Amino acid sequence: MRCLLLTLGLALLCGVQAVEVTPIMTELDTQKVAGTWHTVAMAVSDVSLLDAKSSPLKAYVEGLKPTPEGDLEILLQKRENDKCAQEVLLAKKTDIPAVFKINALDENQLFLLDTDYDSHLLLCMENSASPEHSLVCQSLARTLEVDDQIREKFEDALKTLSVPMRILPAQLEEQCRV
């Protein structure tokens, strides 16, 4: 009986851990993701994270630039005090090619779900340190013209995450070019 309970408990524990696994890219060429990108859609685990117009997470990716150390500089644009502002976020490389550590925007990890390097890139920022465990994802495109295939890839990728996500289209009028 003890053995059965131990086996059942172990099986449940393994099942819980399997739910937390996020499907990320196994390889990433940071040189190929360099350049201009446009945020075409956002998704959040908690819509209140993006409620306020000046929410710190309402930042739009404008470009990516790899550093010689293998880190990734992320050029963001956002509104502060009704004006356009730029911010550069440094994402530090980890042992996993598509996962980076960040210390900004109340988040602590950035990971890439998918990219073809030429037309789309799907990334998420996660705060696993807080009790709420928040997640914000963005669908990026090289051009402002987005086809249905990119939207579908984003929706499909979000379904694989461990928390339910709500998709919000990126509002072009909220974005600014600085």
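Just so it is clear, glycine is given a Cβ too, placed from its N, Cα and C backbone atoms.
Here the structure is a predicted model, which means the values were calculated and not measured.
For C124, the disulfide partner named by Swiss-Prot from the candidate list C84, C137 is C137.
Distance from the CA of C84 (disulfide bond) to the CA of C124 (disulfide bond) is 23 Å. A C-beta separation below 8 Å, combined with a sequence spacing of at least six in one chain, links C137 (disulfide bond) to M42, A43, V44, L113, L122, L123, C124, M125, F154, A157, L158, L161, M165. When the disulfide-bonded residues C84, C124 are compared by the number of other CB atoms within 10 angstroms of each CB, C84 has the fewest.
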